[in-house]
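Structure, as structure tokens:
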Ligand SMILES: Nc1ncnc2c1ncn2[C@@H]1O[C@H](COP(=O)(O)OP(=O)(O)OP(=O)(O)O)[C@@H](O)[C@H]1O
Ligand SMILES: Cc1ncc(C[n+]2csc(CCOP(=O)(O)O)c2C)c(N)n1
Ligand SMILES: [Mg+2]
Ligand SMILES: [Mg+2]
Ligand SMILES: [Mg+2]
């Protein structure tokens, strides 16, 4: 490949790194940014919250469905919600990136632009990464966070009698996925929800400060992710469908596609809303809505008191 053919091979590894790092303003918590063997990030709390999620072309995104910028935003967002779901505040992200030789350099810079847009929403920087060749695009983001003196809100603290609550939209990304999967591009509201969530990163901290006993971000599906809380906590969870927000937009899309919008709300992944449990009678933090109750030990997740007879959410390799 010639140096100016617009591909990553033409640009070369080190100029590509330069292209994605030059001129980026790091927040104060970045004590040493990209350019050395590792970055140095301040951890005011003294403990570091760390998480990683991988996104693979064709599995997590399609470039004929989403722009590179949207994919970049999503890659950061899905990691930052894991930090927030611990009751922590993100401090930094690192970007692992693999792509074929003929990938346009502009795709990589647009993707990086999207990652920085989302990082900026959370007031953090991309402090490092790696760029390698592969047969398809793979994005591996690592996010770090700070607990600010709080105790982490784990999946294992739910107790019978607690209320179950959510913060953020559910079912929208799944509706968007169904729309895109049928070859449509509208309504843009649900399609955009699939392309990139817009999480409220403060929601987890509000929950932690409001006494949440357990918390998770909804990546695979509400029932599936509540199942992780139920299992880790050794409890059951009952979801009341009457308290779920099945928006008229989801109902419209469901009618148009012959699909059940409630199923999207209960089992659709990728909205990255937050689900948590709180002590009974606690005042729920701003933006949080009660949707169910924590029940008897080890009784699983039920919907209106009954077992849900379908898949509870996304699973890879199924
Ligand atoms: N290869 C691995 N090695 C060690 N721990 C892992 C590995 N893969 C997953 N885990 C851990 O297992 C737990 C559950 O992982 P999972 O990916 O389901 O959670 P998540 O990232 O919150 O969800 P999602 O990936 O759907 O967004 C996490 O604590 C994760 O760090
Ligand atoms: C092209 C394409 N096909 C299907 C989907 C749907 N999808 C992929 S991963 C996932 C759950 C979360 O993933 P993870 O558990 O890895 O965080 C869902 C709902 C998509 N986004 N793009
Ligand atoms: Mg994960
Ligand atoms: Mg998670
Ligand atoms: Mg998952």
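Glycine is treated like the rest: Cβ placed from N, Cα and C.
No curator has checked TrEMBL annotations; they are predicted automatically.
Lifted from TrEMBL, the feature list:
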DOMAIN    35-145  domain 'PurM-like N-terminal'
BINDING   37, 51, 82  Mg(2+) 4 binding site
BINDING   37, 82, 217  Mg(2+) 3 binding site
BINDING   52, 53, 130  Mg(2+) 1 binding site
BINDING   53, 82  Mg(2+) 2 binding site
BINDING   60, 270, 314  substrate binding site
BINDING   129, 130, 155, 219  ATP binding site
DOMAIN    159-250  domain 'PurM-like C-terminal'
BINDING   220  Mg(2+) 5 binding site
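Structural mapping of features recorded in TrEMBL.
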| residue | record | Cβ contacts under 8 Å, 6 or more apart |
| --- | --- | --- |
| 37 | Mg(2+) 4 binding site | none |
| 52 | Mg(2+) 1 binding site | 79, 140, 141, 142, 143 |
| 53 | Mg(2+) 1 binding site | 75, 78, 79, 82, 140, 141 |
| 60 | substrate binding site | 74 |
| 129 | ATP binding site | 17, 20, 34, 94, 95, 96, 97 |
| 219 | ATP binding site | 78, 81, 225, 269, 270, 272, 314 |
| 220 | Mg(2+) 5 binding site | 269, 313, 314, 315 |
Residue among binding-site residues 82, 130, 217, 270 with least C-beta crowding, 10 angstrom cut-off: 130
Distant-in-sequence Cβ neighbours of residue 155 (ATP binding site), under 8 Å, six or more positions away: 214, 215, 216, 228, 229, 232, 233
Whole-number Å value of the largest CA-CA distance among 60, 270, 314, listed as substrate-binding: 11
Tally of residues which DSSP labels helix, strand or coil - the domain 'PurM-like N-terminal' (35-145): 34 helix, 42 strand, 35 coil
Between residue 51 (Mg(2+) 4 binding site) and residue 130 (Mg(2+) 1 binding site): CA-CA distance (Å): 17
Residue 51 (Mg(2+) 4 binding site) and residue 217 (Mg(2+) 3 binding site), distance between Cα atoms, whole Å: 13
Local backbone state of residue 219 (ATP binding site), from DSSP in three classes: coil
Residues among the binding-site residues 37, 82, 130, 155, 217, 314 that border ligand 2 - Cβ under 6 angstroms, in sequence order: 314
